């Protein structure tokens with residue numbers, strides 16, 4: 001890891017626009033991209049590919065320490081393209097099998113510690129955009145610029161509904177809203193790494209704002225913070 005490489009953390013609840021803004025910032029700045037929300041799914045898929053037993057903490061930990069994963073800027077439907085061992089697995093990691101496996105591997109403390117180190121290794125020149133839920137509080141607490149994106153539960157449910165509809169899924173918006181509210185409650189009150197803004201984070205409420213407006217606010221804050229850090 002290069003401590004000199006700047007890192008911008010982007011935290012917040014699901015549907016607040018983190019993925020899209022992270023992609024656009026990485027493109028604009030020409031920096032590396034980390035989608036921490038996908039990394040446990042990627043590890044689970046790697047375990048499945050290599051026939052590693054999901055109950056074997058030692059083997060999963062070893063796999064996590066050497067996980068060959070890259071995150072590239074994607075497109076409108078998938079803002080982040082996930083590459084595992086040279087293969088595009090953006091769609092593969094979204095299956096229910098992978099989701100269930102991710103929950104299993106995430107339960108191991110040694111696996112979580114290995115993935116924490118692996119995530120920090122993404123901090124390389126010229127810089128890193130780190131998208132997640134505890135990037136500014138746990139993974140990169142000394143990051144020079146931290147953003148926290150949020151939006152009303154109703155707006156986030158509508159965004160998720162539109163996204164899934166565009167992909168051909170038949171979804172119920174009331175159920176999506178209920179799931180978002182439940183997840184918010186769970187994430188914000190969990191004992192380890194709760195979903196809260198870092199004390200020095202710049203909070204952007206994306207409700208009613210277009211992508212360009214949010215991007216402009218983010219870039220203005222990042223430029224100010226990086227200028228004062230140099």
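Our numbering is plain: 1 for the first residue shown, then up by one each step along the chain.
Cβ coordinates come from backbone N, Cα and C, glycine included.
According to Swiss-Prot, the protein has these features:
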BINDING   12, 13, 14, 15, 16, 17, 18, 19, 20  ATP binding site
Excluding 12, 13, 14, 15, 16, 17, 18, 19, 20 themselves, which residues in that chain have a Cβ inside 8 Å of the centre of the Cβ atoms defining the ATP site?
21, 149, 151, 156, 206
By the DSSP assignment reduced to helix, strand and coil, which category contains residue 16 (ATP binding site)?
coil
Looking only at Cβ atoms, how many others are within 10 Å of the one on residue 12 (ATP binding site)?
26
Can you count the other CB atoms that lie within 10 A of the CB of residue 14 (ATP binding site)?
18
Cβ neighbours of residue 18 (ATP binding site) where a neighbour is any other Cβ within 10 Å
27
Tell me the Cβ neighbour count for residue 20 (ATP binding site), meaning other Cβ atoms within 10 Å of its Cβ, over all protein chains shown.
20
So if I draw a 10 Å sphere around the Cβ of residue 16 (ATP binding site), how many other Cβ atoms end up inside it?
24
